[in-house]
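Listed in TrEMBL:
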- B:Cys85, B:Cys90, B:Cys126, B:Cys130: [2Fe-2S] cluster binding site (BINDING)
Amino acid sequence: MAETVTITIDDRQIQAAPGEMLLWAALDNDIYIPHLCASREEAHPTASCRLCFVEVEGRPAPVPACTLPVTEGLVVKTRSPQVDSLVAMGFELLMSNHRLDCKNCSANGNCELQRIAKARKLRLKPKNLPVLDKNLPVDDSAANIVYDPNKCVLCGQCVRACRKSGNGTLGFARRGYLRVVTTFGGVPLGESNCTNCGACVKVCPVGALAQK
Amino acid sequence: MNLTAEEKRIATETTRQLLSTYNDSRGNLIPVLQQVQNKLGYVPAVAMEEVAAHFNVPAVDVYGIITFYNQFRLTPPGKRQVKICMGTACHMRGAQIIQESWERRLNIKMGETTEDREYSLERVACVGCCTMAPVVLINEEVHGKITPTRVDGLIFSHQLDKQKEKEGAARDE
C-alpha cells in the first residue's frame, strides 16, 4: 500500500494517509467541514451531530466525513444542494433547543456554533422551528466550573475528556429530548467526584461548560 | 428518596452476591442490572456503584443505562403501584390531566414513591382497555373512565381499607 493517497476535495488535490478519516484530511488542508462530535483519538466515531456531511462521487446520498476513510482517487464535494439542506436542518434542530445568549456567553467569539453559522451562512435563531428552552438549573457548585445544560449540544467531547484526564465524572443520562450530560445520580458537580481539572471546559465547543 | 441503612446493606449484599457469578465482560452489565431489579424491585445508587466497580466502568455509565431504559426504576416501588396508561386512547381522553391529579394528590412526580412507601407513580404505554379510557392500573387492578374526582375517591377508599385493616388487627389481638 502506498504511503499516501491522493484525494480530491472541492477540485483540490490532497495527499492523505490511507485509512485516515476524510474529515481530518480536509481540516488539515484548511478545508472547513462543520463538525461537533468528532474526535481524532476515537477509533469508532459516534457520528451523532450529523453536521459533517459531504457528497462523494459515485454514492447516491451524502455521508458523514468523520466516518469515511480516505482511499486512492476519492472525489468529494463539501457543498451541494443536498449536503447544504441536510446540514441546515441538522443545525436548525440543534439550535432549536440551545439557549441563545451570545452576548453574555463565555464562548462568544470562540463558539463552534457561531463558526458553523458563519461558514455555511446559517442563522443562529431557527427560522422554521420553535425554540424549546429546557430551563434546567445552571450548576455553579464546582470550584471553578459552571455548567449550563441548556446550552449543551450533546456532542460528548466533555464526557471523553473527563474519562481521559479527569475522574470519569461526566456521562450521558436519560433518553430522547431529556438526554443530558450529568454526573452519577444527577448530583451537582460540587457534590460529585469532580476533581476540577477543567479538561471538559477546554473541549466544550459551545458555552455549556465554562471557567468561573 | 432516602433509603434506610438496612435497605442499603441489603442492596449491597444482594448485588455482591449476584456479581460473584458473573465475569467482568461488558455484555453481562445489563443482565446483572436486571437481576438486581428482579431481586430488589429497583436499582439503588449503592448497587449501581457496586456494579460499576465490578465492570470497571465509571459509575455514571451505569446511571446512564438505568435512566435510558424504561424497565429500570431508581426508587423502591410503593405498596400500591399506580400505573397511568398513556396509550393513544387514554392520551386523547386526558391521561395528562389524570397524571397531574395523581401527582398533585400524592405530592410526588412520575417515577417517584411517596415518603411513606404507600404509592409509586408510573407511566405505561397501552394496557389494552381502550374502551375504558382513561385507564389507571393500581397493582394489577384496572380502573377505567378515571376523572380527577375518581382519583380522590380511590385514595379515600385506600385510606378506608387501611383503617379497616388496622381495626381488624386490633380486634384480633
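A Cβ is built for glycine as well, from the same backbone N, Cα and C atoms used for every other residue.
A quick note: this is a predicted structure, and the numbers were derived from the prediction, not measured.
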For B:Cys126 ([2Fe-2S] cluster binding site), write down the residues of its own chain that are at least 6 apart in sequence and whose Cβ falls under 8 Å from its Cβ; none is a fine answer.
B:Cys85, B:Gly87, B:Thr88, B:Ala89, B:Cys90
Around the C-beta of B:Cys130 ([2Fe-2S] cluster binding site), how many further C-beta atoms are within 10 angstroms, looking at every protein chain?
17
Fewest other Cβ within 10 angstroms of its own Cβ, chosen from the binding-site residues B:Cys85, B:Cys90:
B:Cys90
Please report the three-state DSSP label of B:Cys130 ([2Fe-2S] cluster binding site).
helix
